[in-house]
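> Have a look at the structure that comes next, please.
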Amino acid sequence: MEKKAVVIAGAGSTHTPGIIQSLLQKKQELPLRKLALYDIDEQRMNLVYDIMRQFIEQEAPDLDVVVTTDPETAFTDVDFVFAQIRQGGLAMRSSDEKIPLKYGCVGQETCGAGGSISYGIRSIPGVFGIVEAAKKYSPNCWILNYSNPAAVVAEATRREFGNERILNICDMPTAILLSYSKMLNLPSWRDLDPCYFGLNHFGWFTEVYDKQGVDRLPELREMILNQGMAVSDRHHKDPDWMHTWAQYVEIVKDYPEYLPNSYLQYYLYSQDMAAGMDPEHTRADSVINGREKEMFAEHQAYLADPANYKSPVQSFTVFGDFIVDAAASIAYNKAERYLVIVENNGAIPNLPDDAMVEVPAYVRSWGPEPVRRAPISTFYKGLIEEQLASEKLAVDAYFEHSYQKALEAIAVNKTIPSTTVARKILDDLIAANGDYWPELH
């Protein structure tokens, strides 16, 4: 197989070690000739590289590794761009979460006024910059985007670039499949073939087939109701995630037809969720005091004895495995079936053709081929159309520099109780985002 060149854009992320691990452990599926790490934060990027240097040298001693803050160096002569940026860092994530909570509304990384709309508008120019650099220096490369909030980013890249050679993905459905596979005593999430529909962080599993063609969803439903939800990896065992899995059971009790994406808790129980959140200490603070500190502690261990330091190897690398598998499916036209974010174009017949939906698709060298399904029923259609309107209005607000569209995006969001509250949140978000947002009129 022809070797490929990959650049990780946003290489200072705590997720980067997992991607590097997956790339090198899957070198038979996606052989590499070059790995580039790119970030605007050189210090963080170098920290990640230091931590993973021993693993890279052990697994791929002849690999050409480039670590750079220069876009031309990073994006020249690459086949794939793995984008995973967080515009504004964890400080702005904290703001996104705490401002809505100030008014009694859900404050979450990718959901609601802060996570979907504030973070979404802020992320668009950063993602555009990566896409533009990639297309300038490697016009034929594929861009696989993990950057959140994926639904808003996907809508924005659809409008600006037609999503040509851009594939927006999310690992959360795959992480849920990993939990299902553990519950069913299967070796891997790849032993399950799901049917799924919705938007990113807003969808449902309708069937979950095993390799024998048996739908295991009824069995999973009973297991979830009677035993609770399995935990897929160590990061999903902290108190915040354990609360999420407990709430997952409640969603299945109340809406037993399908199995949900866990993020639906923030929309179907928004008042309950907001009431249980601490406006002074949100999930962003937990990440700062958890994953961030772990990464810095690893780097201190490296600095103490570089010659004998061994890179950490993770037990579960769904985040890395999924993006590497998707890239390999494109690179070698494997037509593997994955849950990805695509332009609808009839995949869900009674949703707009231009909706960016999350559905199964066969990933080919020319892009994803979505699987069509039957029309969805009124309950799901109503929920999706409301969320879709919020996401599209947020992108309108960015392109049109429109205060009114931003207000409408927040007001129509299911996590917001009234226009009065929406306006207060919007005004605070404008002040907090500053130059990260366009000036709204």
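Even glycines carry a Cβ here, placed using N, Cα and C.
Please treat TrEMBL annotations as automatic predictions, because they have not gone through curation.
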> Please identify which of Arg221, Arg283, Arg291 is recorded by TrEMBL as part of the substrate site containing Arg93, Asn148.
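Same substrate site in TrEMBL: Arg283.
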> Report the same-chain neighbours of His201 (Mn(2+) binding site): residues 6+ apart in sequence with Cβ closer than 8 Å to its Cβ, ordered by sequence.
Thr110, Cys111, Pro149, Ala150, Ala151, Cys170, Met172, Asn261, Tyr263
> How big is the gap, in Å, between the Cα of Asn148 (substrate binding site) and that of Glu109 (site 'Increases basicity of active site Tyr'), rounded to a whole number?
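Here the two Cα atoms lie 9 Å apart.
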> Other than Arg93, Asn148, Arg283, which residues of the same chain sit close to substrate? List them in sequence order, counting a residue when its Cβ is within 8 Å of the Cβ centroid of the site.
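For the substrate site, the extra neighbours are Arg86, Leu90, Asp96, Glu97, Gln108, Glu109, Thr110, Gly115, Tyr119, Ala284, Val287.
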> Just checking: which of Arg93, Glu109, Arg283 have a Cα that is within 10 Å of the Cα of Asp171 (active site, proton donor), counting only these recorded positions?
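Among Arg93, Glu109, Arg283, not one has a Cα sitting within 10 Å of that of Asp171 (active site, proton donor).
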> Any idea what the model's mean pLDDT is for the domain 'Glycosyl hydrolase family 4 C-terminal' (196-415)?
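Across the domain 'Glycosyl hydrolase family 4 C-terminal' (196-415), the average pLDDT comes out at 96.
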> Could you state the whole-number distance in Å separating the C-alpha atoms of Arg283 (substrate binding site) and Glu109 (site 'Increases basicity of active site Tyr')?
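Computed Cα spacing between Arg283 (substrate binding site) and Glu109 (site 'Increases basicity of active site Tyr') is 8 Å.
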> Arg93 (substrate binding site) to Glu109 (site 'Increases basicity of active site Tyr'): how many Å between their Cα atoms?
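So the Cα of Glu109 (site 'Increases basicity of active site Tyr') lies 6 Å away from that of Arg93 (substrate binding site).
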